[in-house]
Amino acid sequence: MRAPAMLRCAAALAILLAVAAPAAGFYLPGVAPSDFAKGDPLQVKVNKLTSIKTQLPYTYYSLPFCKPATIVDSAENLGEVLRGDRIENSPYVFQMREPKMCQIVCKATIDEKAAKVLKEKIEDEYRVNMILDNLPLVVPISRQDRNSIAYQGGYHVGAKGQYAGSKDEKYFIHNHLSFTVKYHRDDDSELSRIVGFEVHPYSVKHQFDDKWNGADTRLSTCDPRASKFVTNSDSPQEVEAGKEIIFTYDVRFEDSEIKWASRWDTYLLMTDDQIHWFSIVNSLMIVLFLSGMVAMIMLRTLYRDISRYNQLETQEEAQEETGWKLVHGDVFRPPTNSDLLCVYVGTGVQFFGMLLVTMIFAVLGFLSPSNRGGLMTAMLLVWVLMGLLAGYTSSRLYKMFKGSEWKKITLQTAFLFPGVAFIIFFILNALIWGEKSSGAVPFTTMFALVLLWFGISVPLVFVGSYLGFKKPAMEPPVKTNKIPRQIPEQAWYMNPIFTILIGGVLPFGAVFIELFFILTSIWLHQFYYIFGFLFLVFVILIITCAEITIVLCYFQLCSEDYMWWWRSYLTSGSSALYLFLYAAFYFFTKLQITKVVSGILYFGYMLLASYAFFVLTGTIGFCACFWFTRLIYSSVKID
């Protein structure tokens, strides 16, 4: 008997390995470069306000900042909307390579409500995010321990502090921004390209002598004609109801040797590459250990067992044998809740296909951070298209179990996991909406998601299921007895719960270091673009899940326990339990979340991620075990 499912898995793995090598030669593609002549206007855009303490984004103009005459929203893609991005124009006006000093943006008198909101945002350490030529604004921070500079995304709305000789804590707003625009000039022309966008924020209580005359007012605290510039926050601007705040900014331009193709290197600088390599080496050691175990079982034990079993001449001699050979008449007996197993395997194949395709595009550089929301958009679209594989796989397995109601299994495949995910997402989105955050998904976007689900995914699942059910059923390599064999009493170490929990340790151990960087990029708002490492970890995860499941399945069959179907799925799938426990550990040790709603959001999304991880790893383990059992029993001669 052949195993077409395993051949497909092997082909997929070969594709992964094939694309790994050339991936390192790609630049981040981003968008097409823009050339600017001297004096050309530069459009500064504002994005959401973010905080690692609340995880709730807000729009820039939810605070009493200066506004342009007309606020224009930029068109966001699906991924940007789901991330909470709200990109709008700003009142800041730059001209290429023309510095500006002490430019007044506006004067604002804040009322009691605005002052309260500002204090709350300062307390929660919110940052303002801006964009220039598709580059995010960063704040350079010197690190004395490494004699290097780190970059923080966005600047803080303000800071807390006390006046000298006072114990009362006050809130101060950063109302003066000193921008630095780095550019790379073309050698053959006067055109330039922007390669950096930095800022130093200050809190300054501005003063003016004459009457207020808008942007033409002459400030006594910041006057280029008097060579008086803002270099510190010694006289900060306090946030109090009824007080006036004058917003100002400087712009200076700095020639840079950095070329446009490398301008994202600053944002994606890997300072922990040694830790990543340690992660890979650690995972490879686990794989080598498991590979040795599998090789020993396959090449020595199994080969010896099969040879001896095939040489037995009488039934009496066969009865004297023990182990996996004796359960050949029951090993392919359909399990309890076989319908649910088919659904989960089909959904797992859908996840595998989505991750495989998305990761290939990411490794090749098509999903760079400059394409905001591109990664999430791609994952959603590929997930929808992979519904074809989900329906096909679940129906093929269902037909092997002698099932006849293919429409029922198709509906379960199309709605079980997406339905659970949508319910969790809807509840969490309602909580975000209650906080009036920009992270709340609008009704139109929610409708688009439902349309993708019902309009594309569900029909594709039905098409795949129909095609799978039309094909002949997969026949097991041995016949199944009509009367189930009694399973002997098992040793304590073969207890299902024990082996399932042990089986999930190694797959989780292969990925947990990389998991730290993924959680950091998501919840601490950092860029993640180390898809080369992620790709290697993904391959190692596949191998680890397959090998640990095969090893434990062999031990189970040797103990004459033939109920391997669900246990093979749960063995590698239990790694999701460790993932969720690690997420809880990360929450209490690395994050500073204090709000109840933010905590619910974190654990809600991590629960959903763990559920998806369970479906993925469980399916990998099941497919490997399914191939293994068909292989060994097809090698045994049964009279």
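Yeah, the Cβs are placed from backbone N, Cα and C, and that goes for glycine too.
Residues annotated as signal peptide in TrEMBL: 1-25.
The annotation transmembrane segment is assigned in TrEMBL to 277-299 (among others).
Positions annotated as transmembrane segment by TrEMBL: 341-367 (among others). Within its own chain, the transmembrane segment (341-367) is flanked in space by residues 12, 15-16, 19-20, 23, 26-29, 335, 374-375, 378-379, 382-383, 386-387, 389-395, 397-398, 401, 403, 409, 412-413, 416-417, 531-532, 534-535, 538, 565-566, 569, 612, 615-616, 618-620, 622-623, which lie at least six positions past its ends and keep a Cβ under 8 Å from the stretch.
Feature annotation from TrEMBL assigns transmembrane segment to 373-393 (among others). Long-range contacts of the transmembrane segment (373-393) within its own chain (CB-CB distance under 8 A, at least 6 residues past either end) are made by residues 76-83, 85, 345-347, 349-351, 353-354, 357-358, 361-362, 366-367, 410, 413-414, 449, 452-453, 456-458, 460-468.
Residues or ranges marked as transmembrane segment in TrEMBL: 414-434 (among others). Long-range contacts of the transmembrane segment (414-434) within the same chain: residues 56, 343-344, 347, 387, 390-391, 440-441, 446, 449-450, 453, 457-458, 461-462, 597, 600-601, 604-605, 607-608, 611-612, 615, each at least 6 residues beyond the stretch ends and with a Cβ under 8 Å from a Cβ of the stretch.
Sequence annotations record features per position, and here TrEMBL assigns transmembrane segment to 446-469 (among others). Tertiary proximity for the transmembrane segment (446-469) is limited to same-chain residues at least six positions away from its ends with a CB under 8 Å from its CB atoms, namely 78, 380-381, 383-385, 387-396, 398-399, 406-407, 409-410, 413-415, 418, 422, 426, 429.
Long-range neighbours of the transmembrane segment (490-523) within the same chain, counting only residues 6 or more positions beyond its ends whose Cβ lies under 8 Å from a Cβ of the stretch, are 52, 55, 272, 275-276, 278-279, 282-283, 286-287, 290, 530, 533-534, 537, 540-541, 544-545, 548-549, 552, 555-556, 559, 561, 567, 570-579, 582-583, 586, 590-591, 602, 617, 621. Here TrEMBL flags 490-523 (among others) as transmembrane segment.
According to TrEMBL, the feature transmembrane segment maps to 529-557 (among others).
According to TrEMBL, the feature transmembrane segment maps to 569-588 (among others). For the transmembrane segment (569-588), same-chain residues at least 6 beyond its ends with a Cβ under 8 Å from one of its own Cβ atoms are 341, 344-345, 499-501, 503-505, 507-508, 512, 515-516, 519, 545-546, 548-549, 552-553, 599, 602-603, 606-607, 609-611, 613-615, 617-622.
The transmembrane segment feature in TrEMBL is assigned to 600-628 (among others).
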